[in-house]
Amino acid sequence: MSEILFFSPQPLFSHMMNKNSRLHTHSNIKNTFFSEIGIGILGNSFLLLFHILKFIRGHRLRLTDLPIGLLSLIHLLMLLLMAFIATDIFISRRGWDDIICKFLVYLYRVLRGLSLCTTSMLSVLQAIILSPRSSCLAKLKHKYPHHISCAIIFLSVLYMLISSHILLSIIATPNLTRNDFLYVTQSCSILPLSYVMQSMYSTLLALREVFLISLMVLSTLYMVVLLCRHRKQAQHLQGTSLSPKASAEQRATQTILMLMTFFVLMSIFDSIVSCSRTMFLDDPTSYSIHIFVMHIYATVSPFVFMSTEKHIVNILRG
């Protein structure tokens, strides 16, 4: 999704903040945003706890359990961090210094990158699981899960390096009034980057998002083709029912497909809101709508996963 919240060359407020424009005066916007964050924290906490208990009790783990558990942990940390940052956006200036501003924005940036990466990995893994034995992807079915940890560590280091410029560009908002600062929160601002640095950073972000989203789209299309082919084969087998394993795989695949579709739609919506702020309107209301849209995926995704877990569904029904 768009990284415009903290890392765009566009200022988050195109005007100097004053008493009439600060977001903490918009109580409805503030309450809606914190409700979204609260629901997301609750859902991701429950999903993460479910997978931890599943591991401790020695239940048989599926290949997708690790990336799903990791995704819930990433989203939980990201939403908790955003809730803390939002107090400096919607409520009042907390007077953070340079170190706190750099740490919060840098960590948030890395978590957003890992969310995108883990979602892409989950989509690819589900495509590998669903692939038939005759497929070349089937050979990766038992190798891919063992390389997930290495991939996570590698990508974490990579994102930390890509985002390292934030440690230089983020500063505490000075008391002096200057028009060249780009506001992140009431306490934190971004120093303007040179054209070369801005172009290089934007290119790296674009390449990363295009690559990972392309992986998601290709794996999603591949799974759709496999499901359609499997359905046609099942229609020719009169009186033959699907095995429980096949049915479970199909349910898991449909969940991943729904989640990937939702992710892509939210990415498109996020880009539309971002472009509208850049080209037409950039006031506190449009800004708050943007950060609300940015966290819809992290809020909704745990409930999508939990809807397919029989144990959780039975507990909720009981």
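Each Cβ is built from the backbone N, Cα and C atoms, and glycine gets one as well.
Annotation comment: Swiss-Prot describes 1-32 (among others) as topological domain 'Extracellular'.
The feature transmembrane segment is assigned by Swiss-Prot to 33-53 (among others).
As annotated by Swiss-Prot, topological domain 'Cytoplasmic' applies to 54-65 (among others).
Counting same-chain residues at least six beyond the ends of the transmembrane segment (66-86), those with a Cβ under 8 angstroms from any Cβ of the stretch are 33-34, 37-38, 40-41, 44-45, 47-48, 51-52, 104-105, 107-108, 111-112, 114-115, 118-119, 121-122, 125, 145, 148, 152, 185, 291, 295, 298-299, 301-302, 305. Annotation comment: Swiss-Prot describes 66-86 (among others) as transmembrane segment.
The topological domain 'Extracellular' annotation in Swiss-Prot covers 87-109 (among others) and rests on sequence analysis.
Listed in sequence order, Ile170, Ile171, Ala172, Val184, Thr185, Ser187, Cys188 are the same-chain residues at least 6 apart in sequence whose CB falls under 8 Å from the CB of Cys101 (disulfide bond). Positions annotated as disulfide bond by Swiss-Prot: Cys101-Cys188.
The feature transmembrane segment is assigned by Swiss-Prot to 110-130 (among others).
Sequence annotations record features per position, and here Swiss-Prot assigns topological domain 'Cytoplasmic' to 131-150 (among others).
Here Swiss-Prot flags 151-171 (among others) as transmembrane segment, drawing on sequence analysis.
Mean pLDDT of the predicted structure over the topological domain 'Extracellular' (172-206): 75. If you look up Swiss-Prot, you'll see 172-206 (among others) marked as topological domain 'Extracellular'.
Taken from Swiss-Prot, the feature N-linked glycosylation site applies to Asn175.
According to Swiss-Prot, the transmembrane segment annotation covers 207-227 (among others). Listed as Cβ neighbours of the transmembrane segment (207-227) (distance under 8 Å, sequence separation of 6 or more from its ends, same chain) are residues 1, 113, 116-117, 119-120, 123-124, 126-127, 130-132, 162, 250, 253-254, 256-257, 260-261, 263-264, 267.
Per Swiss-Prot, the feature topological domain 'Cytoplasmic' maps to 228-254 (among others); the stated evidence is sequence analysis.
Swiss-Prot lists 255-275 (among others) with the feature transmembrane segment, giving sequence analysis as the kind of evidence.
The feature topological domain 'Extracellular' is assigned by Swiss-Prot to 276-285 (among others).
What Swiss-Prot records for 286-306 (among others) is transmembrane segment, and it gives sequence analysis as the kind of evidence.
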(message) Could you check whether the transmembrane segment (255-275) and the transmembrane segment (110-130) come into contact, where contact means at least 3 Cβ pairs under 8 Å with the two residues of each pair 6 or more apart in sequence?
(response) yes
(message) Summarise the topological domain 'Extracellular' (172-206) as counts of helix, strand and coil residues per DSSP.
(response) 12 helix, 6 strand, 17 coil
